[in-house]
Amino acid sequence: MFARHGLSQTDMIALSGSPLFLLFLQYCAHTIGFAHCGRFSKRIFNFSPRNTIDPTLNFRYALQLRQMCPRNVDPRIAINMDPTTPRTFDNAYYKNLQQGMGLFTSDQVLFSDPRSRGTVNLFASSNAAFHNAFVAAITKLGRVGVLTGKQGEIRRDCTRPN
C-alpha cells in the first residue's frame, strides 16, 4: 500500500519513529508519546503458552513494564513509549530497538527482521541520518492524496469542509 504512494522501506522505518506519521495512521507516536498498558500487556504477561514474556523484549525492560502496568491496572494508566528520551524527537527510538526495548511487536520487528535491521542500525548510529530520512519521507507522505484545482480546497477548519 505504501509503495503505491512512492514510499520506500527506508521511508517507512524513518516514519515509524515519528509522531506525525502515526497520527496519519491514527495510531500513537513512538519517539514522542505514550501508550496505555492494555496495548502491550500481552507482551509482558501472556505472550504465549511457552513464554509469558515476549522473548524479543528486553527482560529487564519487561519487568519494569510489569511494575508500571500490573495486571488489572486502571485503563487510563499510560507510559512513555520511549523510555530514554520521552520528550525529545530523536533517534533514541532506534537505539531502544537495538536493546530489545520496542514497546510494540510492530516496532521491535524492525530490528529483529534482517531486511530492516540495517536501516535501524544506521538511524541508531546517526541522529542526522534519521532526521534527513525523516524529512525526505514526510515530504513524500505530504504529497499523498493531495487534491488540486476544483477537486480540493484549503479548509478554514480542518474538521469540516468549507
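Note that the numbers count up from 1, one per residue, in the order the chain is shown.
Just so you know, glycine gets a Cβ as well, placed from its N, Cα and C.
Annotation source TrEMBL lists domain 'Plant heme peroxidase family profile' at 1-162. The heme b binding site annotation in TrEMBL covers His30. Per TrEMBL, Ca(2+) binding site is recorded for Thr31, Asp82, Thr85, Asp90. Taken from TrEMBL, the feature disulfide bond covers Cys37-Cys69.
For the pair Thr85 (Ca(2+) binding site) and Cys37 (disulfide bond), the Cα-Cα distance reads 19 Å.
Rounded to a whole number, the distance between the Cα atoms of Asp90 (Ca(2+) binding site) and Cys69 (disulfide bond) is 25 Å. A 10 Å cutoff on Cβ-Cβ distances gives Cys37 (disulfide bond) a total of 21 other Cβ atoms nearby, all chains included. Across the residues of the domain 'Plant heme peroxidase family profile' (1-162), the predicted structure has a mean pLDDT of 87. Cys69 (disulfide bond): 22 other CB atoms within 10 A of its CB, across all protein chains.
Rounded to the nearest whole angstrom, the C-alpha distance between Cys37 (disulfide bond) and Asp90 (Ca(2+) binding site) is 23.
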